[in-house]
Amino acid sequence: MKAFTLALLLSFATLTSSAQVSKVSFDATTKVFRLDGGNVSYVFGVNSRGELQQMYWGGRLGATDTFPAPKPKPEWASFDDSYTTTPQEYAGWGEGLYIEPALKVTFPDGNRDLVLHYASYKTTEHGFDVELKDIEQPIFVTLHYSMDSETGVLARSATIENRGTESVTIEQAAAASWALPAGHYTLNYLTGRWAGEWTLNQEPIQHGERIIESRRGSTSHQANPWFAIEAGTPDEEHGEVWFGALGWSGSWRITVERDQLDAVRVTGGFNPFDFGYVLHPGQSLETPIFYGGYSAHGLGGASRELHLFELKHILPRTASTRGAEMPRVRPVLYNSWEATEFNVNEAGQMALAEKAAALGVDRFVMDDGWFGQRKNDHAGLGDWYVNPQKFPHGLKPLIDKVHSLGMDFGLWVEPEMVNPDSDLYRKHPDWVLHFKGRPETEQRNQLVLNLARPDVRAYIFGFLDKLLTENDIAFLKWDYNRNWSEPGWDAIPANEQKEVYVAFTRNLYSILAELRQKHPNVEIESCSGGGGRVDLGILRYTDEVWPSDNTDPFDRLTIQNGFTYAYTPQVMMSWVTDSPHWMNNRSTSLAYRFLSSMQGSLGIGANINKWTPDETALAKRLIAAYKQVQPTIVRGDLYRLISPLNGSEFSATEDVNRDKSQAVIFAFIHSTQEGRGFPLLKLEGLDPNVEYTLSSIEGKASPNTPTTASGAWWMNHGLVMDQSFRGDFQAAAFRLDKK
Ligand code: DGJ
């Protein structure tokens, strides 16, 4: 092991001192590293064997508290040695390790033993870079730690480097492992399917391993790379919660293990399934970032911390918001997909644009169908020229019209895909993911372009850049409507072809970054047939996401509820669409549809040509009311007051803005039974000493409700709804404003 370079007994580096003082420290005597941010402390150190050992992750400790040097855990029996019982920060697969390794490699001579020991460290702006090295081989791993001073969210990742003279194959590489002491815990994670994303699963953590993953080449609808672990049983506002989210939009995996001694470890990063990455001499591999946080205030507290972190540190800024603390609120948009599907043309889109502008919409988005020979989903993907039959004069007349109506213009694209019935595929059949000579599996009649290839990357960047240069486009809806099959890449040596899993996603990110740099005001939505590509990796480059193709306003209550455990309502696009809804053939009032959508970033996706004057007037009023409170809804603190899950008769949410001068409350009834009134809504997060005035956005409070009362009143006495608030699919919304 290398000697410590630091001569000082104790060295402190004090970082950003905004509201909370955040600090990183290294004690050279005990070899203990400590990071403090928000209400969180994270501590690890070098044990007597030279391994990096996790020591503490939880509520913030006193500034003068110190730790002795970490000791490896004892061997439990000859079957569970100390290597496997000691919680390592980043364990190589070697020695006697039986739990999930962070890193597994094969050396050219067939040796697969990897034992990572501490080598050196460097203090960085918000944390540490800690270098580990195999006990013999020149494989180095630098662990990056960076803690947010306000929320205590810790960003962790690893750089794996081959400083030897021979190539090494990486078979498994995590971003980080997180450890919790022996105890009883509940695991929360999100699963789903197309049109049914964001199901919250809650289960006790049992012995063995629970795997949450995507093997599909992208994030997936089926599981999302987020977890939250509660001490004991689930609770929305109380108790300790450790949570994490992986910033990776390719195949990923998170494992949650409870070992034989009841300790829990979470390891996440690239999915090792079909993984293989050859590190030639001098080369390195960066893992994705795994973010982790802690709250003592239940799942609600955990999601509020994560939302704030996403708003401030993940989401991109445009030229006009560069340096701003928060991204700008999303423009209220209109999208014609559900109204017209592929049947877009100049006259039809112009007519819808006129109607949309009259409602108070800020952004008009034309969806699928405008390009190539795209009449349905059988043809056209890959041919990104404007369809001359539908738009004989190009896009300019429509864009000019949209601008003249005071809106900006957005356009749908699906850059990574190709239909076999396209000029692009006919010219470059080898550009798709495929195994030579094997059938190519189509899904939605399309194939996936191999974005890992430099020529494909150049083509995709080229057409998007041209589109944005030649047209005044403010927004791209970037769609991705299938998962991978046959992920072959035969243009490179056979032993390197599995690198497609890394190279594809890296090229996707690099295209997004380059486009944003060249067109610094353009905004982008990540859509993948709904919520199939939502994670903290893509959110670094996209301003919003499409959580689900399911826009049924009742289904959306549970979909959106699940979504907000991991992601801020700022990015949660939510359209008001037609009734009866295509998904469930359910009829709901326009007000109900609006209030469901107003819990996120509002859009309209209905056929507004068919709206009656009354419906148009209601929509206009609610859009105006929404805009007045939108910053509180999308950037405030979210409290899930009554959960819509488990067939609940009722549900309610509350958003409180950051200076506690405003709150917005949404209440929904599924179906009143036995005349039951809506439950008393005890509000949260207000300033008890401030007077707030209640006003209705939609619906009525009980006649006995004071117009103005203290925060203490609204939180302790609570808001009573009017007796008339009963029936099927009812909704009400209120705002409280500091007097
Ligand atoms: C899937 C998206 O989620 C929809 O909103 C729509 O854009 C279609 N693709 C278009 O093909």
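Backbone N, Cα and C atoms are what each Cβ position is placed from, and that goes for glycine too.
TrEMBL has this to say about the protein:
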type	residues	note
SIGNAL	1-19	signal peptide
DOMAIN	50-279	domain 'Glycosyl hydrolase family 36 N-terminal'
BINDING	TRP194, ASP367, ASP368, ARG444, LYS477, TRP478, ASP479, TYR480, ASN481, CYS527, ASP549	substrate binding site
ACT_SITE	ASP479	active site, nucleophile
DOMAIN	652-736	domain 'Glycosyl hydrolase family 36 C-terminal'
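Residue counts for the domain 'Glycosyl hydrolase family 36 C-terminal' (652-736) under DSSP (helix as H, G, I; strand as E, B; rest coil) come to 7 helix, 39 strand, 39 coil. Checking the binding-site residues TRP194, ASP368, ASP479, ASP549 against ligand 1, the ones with a C-beta less than 6 Å from an atom of that molecule are ASP368, ASP479, ASP549. Residue density at ASP368 (substrate binding site): 22 other Cβ atoms are found within 10 A of its Cβ, drawing on all protein chains shown. Those residues noted as binding substrate (TRP194, ASP367, ASP368, ARG444, LYS477, TRP478, ASP479, TYR480, ASN481, CYS527, ASP549) have their most widely separated CA atoms at a distance of 19 Å. Model confidence over the domain 'Glycosyl hydrolase family 36 N-terminal' (50-279) stands at 97, taken as the mean pLDDT rounded to a whole number. For LYS477 (substrate binding site), the number of other Cβ atoms no farther than 10 Å from its own Cβ, over all displayed protein chains, is 25. Residue environment of ASN481 (substrate binding site) contains 22 other Cβ atoms, counted within 10 Å of its Cβ in all protein chains. Taking the Cβ of TRP194 (substrate binding site) as reference, residues of its chain lying under 8 Å away and at least six apart in sequence are, in sequence order, HIS221, GLY529, GLY530, GLY532, ASP549.
For ASP479 (substrate binding site), other Cβ atoms within 10 Å of its Cβ number 23.
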